[in-house]
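Heads up: the structure comes next, in structure tokens.
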């Protein structure tokens, strides 16, 4: 490479997004890039000319390893959608004037659907106006809902955390006996796509029965059928564990988490506080059967638990970052790196680049045939798909008992 | 030993309680015990003659290692308090007839305050009536609230999980910028003792500023002073992270989690649900400052996350189990094994036995001088106390990407 590279992170953070950043940095340096800039808080920060020279932060190989093990977005992230080109050219001219000033040859953006929309628009603008910067997208999202790629970096680590945590919750749930049984409802992220919730099935193995029921947001949720299933399970076993997506909805389109308004608390200012999906279902089941219930939200940790990251995921995230730089260096623009699975057993996966116009703003959901007919579990095919993505561990660098991260002063 | 040993687990599960069970089993076998029985679901299960021969489950050294890495109570647990001896002798006669039948020389009970009460009553009864079984308690609780022992097995692993998770949440919380800032409230277990909540301070290090505020249940919570502090912090930084105990209360004794409930949120048995402290404070702060807030409950995982256990904790739990058997074998009864810290740096810790009469039903809280004067953080002394307890890791035995546990079919 002759010029410089700039890289940004966008959208919700993950445990693997910084590994892609490390891959971008190392590959750009290896291919002769002079400077590798990091935009702070994505394209939104770049518009305010907020960026750093990454070589000031990544000074040696240990820093690279720490970066790969640091959760969330090292550079900061944003949720910002560029206007359409015809609506506001000024924004584009501003961005390109900054890129020109910094002598940017390759612009790499690590993110999800909205970020690929940014890559699409910027590369379109460059082509139309003759700017020479090349734009490559690098996929990232725990939700695994990006089109065309077999899976998305960030998903494997989140899936591993979910499988591990659900298994530990199941162990916990059999400790104490309650007269009418115990029902634990675990709420998992994923508003429209059930990839994360389905990963609860990974808890199942020779030493664990796994969760009893799994409900994805792709199918309408029937609260009476659910209640019936719980009743049957309680007749057979003392503890029932259910994994639900935060985004499950009734057939009429209402979110389950909206249903609890009447029983849930109103805050000090009179605002109705929506209880979570798990909270609502736990109180519903307690009311129906008089059993003990508990609601557990895996919450923010499912996207930031680097201490439980998947080695496959962290390595693939790194490779994808490197492949993005390589593609730009070889002349590609308006493309996203995708992961292409070559084989399931043994698992083999390579990278390719695909036209970002075919990806942006498209949402990949779990196929209907990977959910059981009655919609209360995922199939073996789902598990075979996700299992290779959670293999291997990334030992955290422990300092005084706690994982060390690479730190950028805010 | 000439006779047999029986061991039980009681109270809330932890990540280390099975390591104590492994220590009891191995030491009993090493000292020549014929049979080592495990009572299922504690003394309550024993009263129903539910027990197993542990040698059927722990068949080799790998099983021992798996057991040390298995969260929750392998044998099942109970929350059962024996009646006073003068109130109901029948219960005692029933228990001792079972112990006689099984030729039990040593009865080891792994648990917290209530469990030590069980040891006290049974050993008293044995002395009065001339039964020869010896009774030794083995401390266990994530809450770290047992008297006389420097700390309690189970606490170190929970503290390590809390420090690690809070650090990951802090990383996550700086990713996205919000106009009026972001306030994250992390709710941590511990109704009356703040040992677990204080462990959030472990997140602080060279690479992390740590949480901004920490509120323990030992001191009254002043919501206006809290709000003022958050306001000042928001003026200085974009993201504020607060750790609160689930049990914080106002000066008038009301739990914070009760404040927002216009309709009492009670379970099917009429018990008030004690979760929602973080939820309430998040909505309070959002109302005050119009900033973005989020509430995160660490929930069940803080007591069951074996995948993030502390090596010191798991080893000490094992040693304490072994020391309990040794004490019984050497003639002690009515005692609990305690951990005695010999040195902070380098950390050294040994076991002793102490009279269970001095321990049972006593609750150890965080000393006032280990909380800052304004009650919004823990002191360096607190951190120096807990830091040695989270050192080292226990690599999980990973099978197909998920930690393997030792499994007892329910």
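Cβ atoms here come from the backbone N, Cα and C positions, even for glycine.
Summarising the annotation, TrEMBL assigns domain 'Phosphofructokinase' to B:5-327.
The diphosphate binding site annotation in TrEMBL covers B:12. Under DSSP, residue B:12 (diphosphate binding site) is assigned to coil, being neither helix nor strand in the three-state scheme.
Taken from TrEMBL, the feature Mg(2+) binding site covers B:113. The Cβ neighbour count for residue B:113 (Mg(2+) binding site), using a 10 Å radius and every protein chain shown, is 20.
Following the DSSP three-state reduction, the secondary structure of residue B:114 (site 'Important for catalytic activity and substrate specificity') is helix. What TrEMBL lists as site 'Important for catalytic activity and substrate specificity' is B:114.
According to TrEMBL, the site 'Important for catalytic activity' annotation covers B:140. Cβ environment of residue B:140 (site 'Important for catalytic activity'): B:9, B:11, B:14, B:16, B:17, B:20, B:110, B:111, B:112, B:115, B:152, B:153, B:154, B:317 lie under 8 Å away, each six or more residues apart in the same chain.
There are 24 other CB atoms within 10 A of the CB of residue B:141 (substrate binding site), with all protein chains counted. Look at TrEMBL and you will find B:141, B:142, B:143, B:189, B:190, B:191, B:246 tagged as substrate binding site.
Residues or ranges marked as active site, proton acceptor by TrEMBL: B:143. Neighbours of residue B:143 (substrate binding site), defined as other CB atoms within 10 A of its CB across all chains, total 27.
If you compare every pair of Cα atoms in B:141, B:142, B:143, B:189, B:190, B:191, B:246, the residues listed for substrate, the longest distance is 17 angstrom. By the criterion of other Cβ atoms within 10 Å of the residue's own Cβ, the least surrounded of the recorded positions B:114, B:246 is B:114. Listed in sequence order, the residues B:12, B:145, B:188, B:193, B:195, B:196, B:247 complete the 8 Å Cβ shell around the substrate site centroid, once B:141, B:142, B:143, B:189, B:190, B:191, B:246 themselves are left out. Of all the binding-site residues given, namely B:12, B:190, the one with the smallest number of surrounding CB atoms inside 10 A is B:12. The shortest Cα-Cα distance from residue B:142 (substrate binding site) to any of the recorded positions (B:12, B:113, B:114) is found for B:12. Taking the Cα atom of each, residue B:113 (Mg(2+) binding site) and residue B:191 (substrate binding site) are about 14 angstrom apart. Counting only the Cα atoms, the space from residue B:12 (diphosphate binding site) to residue B:114 (site 'Important for catalytic activity and substrate specificity') is about 11 angstrom. Taken together, the residues in the domain 'Phosphofructokinase' (B:5-327) have a mean pLDDT of 94 on the 0 to 100 scale. Rounded to a whole value, the Cα-Cα separation of residue B:246 (substrate binding site) and residue B:114 (site 'Important for catalytic activity and substrate specificity') is 21 Å.
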